[in-house]
Every structure is written in structure tokens, then in C-alpha cells.
Amino acid sequence: MDPNESHHHHQQQQLHHLHQQQQQQQQQQRLTSPYFHHQLQHHHHLPTTVATTASTGNAVPSSNNGLFPPQPQPQHQPNDGSSSLAVYPHSVPSSAVTAPMEPVKRKRGRPRKYVTPEQALAAKKLASSASSSSAKQRRELAAVTGGTVSTNSGSSKKSQLGSVGKTGQCFTPHIVNIAPGEDVVQKIMMFANQSKHELCVLSASGTISNASLRQPAPSGGNLPYEGQYEILSLSGSYIRTEQGGKSGGLSVSLSASDGQIIGGAIGSHLTAAGPVQVILGTFQLDRKKDAAGSGGKGDASNSGSRLTSPVSSGQLLGMGFPPGMESTGRNPMRGNDEQHDHHHHQAGLGGPHHFMMQAPQGIHMTHSRPSEWRGGGNSGHDGRGGGGYDLSGRIGHESSENGDYEQQIPD
């Protein structure tokens, strides 16, 4: 072999070895860089060439085991005997290799609202001018009205709340559990006697074995019901009076297992068949404010709160309670008998009347004349007239179509 050719071949091997070292360093930098995936995609787009040596023409095995693109081999220029020069395509000198860019570290905390100090100063001036203008408007308003305008919004809110009074304040819920065999009414009244505030019944759940409901006037008296009844609703209230007692009453709606629904004002007792749970609420009334708002008409009932009681006046359930409070409503249900027209009844569920959707078995009720319910505007005893309808029902007549009573709608 010619000495020049051997020297040239030796230089090629050295350059190739140096180039492989540079490529390995670049690969290690790419692996440690956060932008490795992006650079890897960029290398996949580069053209790949199969390098061959000019002297032997044999393929050089790749040293990266196929993980990266094959390394480009040097291309030789014709040897003129003076110098040898190898050109490596896609080769980058070591001085041109730069370190990867480090990601910018984000500062912890809330970002600044204003980027420059000038913007912050302008915003501060704008806020100060707005506050000064609002203060000027308040002073002008005080000069016009001849008074002082409070700059504290919290004090104005407190004054508004203070003007409402103490009515309905100190509302506290209570749960009363009643064992089987005990009287629900007696338990509620005992709780009302122990409490120093007004009391109302919110809801109740459980079963009743024996109930006593008030009959409508003029017959009066109580009508007993025995059996297994489910409590649909229980409502009522007890209000303190000037004499130190409490007036009020309770009303109940019961449902039997056969589908009958009865209800009305409780007469004397309501015996629990199983565990009964009653939810009560105590609250406070502002009687001084109510007395001042009544205008001082001299009526004794104006000194207290005028609330409608579900029980008529008289001794409540034999417990020695003072008479009930004044009732201002009327029952829109009236009969055909003219002798009953002078009676004024209480409005809503819980009045002295009881209602019955279906007649209970074992109890036969007789009526001298069919009762009629009218909801039209011609009724003189119905303060809420103008309903625009006229319904009439007959009680005590059996019908195969609608069960225990027959309903007729006139033309």
C-alpha cells in the first residue's frame, strides 16, 4: 500500500472516531434536555444516507443500535497529493453546540394587577377621585336635608334591622317524642306551659288509636274516632295572653287504612297508637310594637298579637286555659237551614268544624236536610266571595259511581 494512502486512511479513522464522540455527547444532552422529544422529531425529518468508504466500499455498522438515525459518513474529495479533506454532511462543530434553554421559572403568588408603576398610580388616582366625589355628594345631601348622613354602611344596616322589631326572633325548633298510649295533646300543652315563649306546631308523624274531634255548631260536643289512623298533618299554636296564660288549639288530619280521611279541631284527646314524633317551634312576639301600631283604639285585644286560633273561645281542653283569641275569619261552608245563618265560624283547617271525606264504619250520621256548599260571589257570609263556581253535594246518599256521597253540579 502506498504510504500516502495509508496516512490518508488513518486520518479518516481519527476523524470518524472524533465525530462519533461528538454525536454521543449530543445524544446525552438531548436525553437530559426537557426538549428531547421536540429535537427527536426534528431528527426524524432529516434525510438518512448510507455512508460508504471510498477505499473499501463496505457498510459501516451503526453504533446506536437503531435508536437514532444512522450517523452520516464523510465524503472524500479527489486526492491531489497535497492535502486530504473530509466533508461530513449535517455535521456541527463542537463550538456550535449550545446548551438547551432552561424553562422560565414562574413566580409563586398572585400575579400583579398592574404591569407598570404608571398604571398602578393612575388607578390609585382614579379611586381617590371617586371616593372624594362620593363624599362630596353625601355632604351636599346632608346640607339639603338639614341632617347628617352616616358614612358607615354597617350602622345603617343595623338601624334598618332594629326598626323591624323583635317579632319572630329567637325561633327555636324542638322535637317531642311521645310513647304509645300517651296523649299527644297533653304532651304539647305541658311543653307550652313550661315554655316562656309562643309556640307553634310545625309537623308530626306517627299513628293514632283514639281521637276526639269537635262537632260543628249548633250540635256541639266531641265526636270520638277509634281505630288505626296515620297522622297526615298536625298544626296549631299557643300564644301568651296578658293574664299570663296561653290561648290556642290544635287541628289534625288523619288517614285510616281503608282510605278514609278525617280531620278537624281536636276536642279532648289524641291517643298515640305507636311512637309519635312532634316538631315544635318557639318564638318571641314584640307586643309593645304591636300595641303601638294598633293606634290605641281601647280594645283589649289590640294590646297583644291578633292571631287566628284554630279553636273557638272557651276553656281549652279542660286544662284551665284562658279564653281563646279573637277570630276574624269565616267558614265559607254553610248549610241550607236559615237558623244556621247567624253563626259565624272560623276559617281554614282547624276550626270548630270537622270534615270527613268518607263516613267511618260503625258511625251513622243523620241529616234533616241535605247540606249545600256554595263558593260563588252571591254568598253573603263568605268574605272571600267571587269564586265563580257553584258546587252542591248531598251527604248520606249512597252512589255506585262515587262511593259514599253523590255530587251534583247544576247547569
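Every residue, even glycine, has its Cβ placed from backbone N, Cα and C.
According to Swiss-Prot, the feature region 'Disordered' maps to 1-32 (among others).
Sequence annotations record features per position, and here Swiss-Prot assigns compositional bias 'Basic residues' to 7-19.
The compositional bias 'Low complexity' annotation in Swiss-Prot covers 20-29 (among others).
As annotated by Swiss-Prot, region 'Disordered' applies to 54-164 (among others).
For 54-66 (among others), the entry in Swiss-Prot reads compositional bias 'Polar residues'.
Residues or ranges marked as motif 'Bipartite nuclear localization signal' in Swiss-Prot: 105-113.
According to Swiss-Prot, the DNA-binding region annotation covers 105-117, on the basis of sequence analysis.
Among the features that Swiss-Prot reports, compositional bias 'Low complexity' is placed at 120-135 (among others). Across the compositional bias 'Low complexity' (120-135), DSSP helix (H, G, I), strand (E, B) and coil residues number 16 helix, 0 strand, 0 coil.
What Swiss-Prot lists as compositional bias 'Low complexity' is 144-159 (among others).
Marked as region 'Disordered' by Swiss-Prot: 289-348 (among others).
Per Swiss-Prot, the feature compositional bias 'Polar residues' maps to 306-315 (among others).
The region 'Disordered' annotation in Swiss-Prot covers 366-411 (among others).
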The compositional bias 'Basic residues' (7-19), counted residue by residue under DSSP: helix, strand, coil: 13 helix, 0 strand, 0 coil
DSSP-derived helix, strand and coil totals, residue by residue, for the compositional bias 'Low complexity' (20-29): 10 helix, 0 strand, 0 coil
Predicted model, mean pLDDT over the motif 'Bipartite nuclear localization signal' (105-113): 72
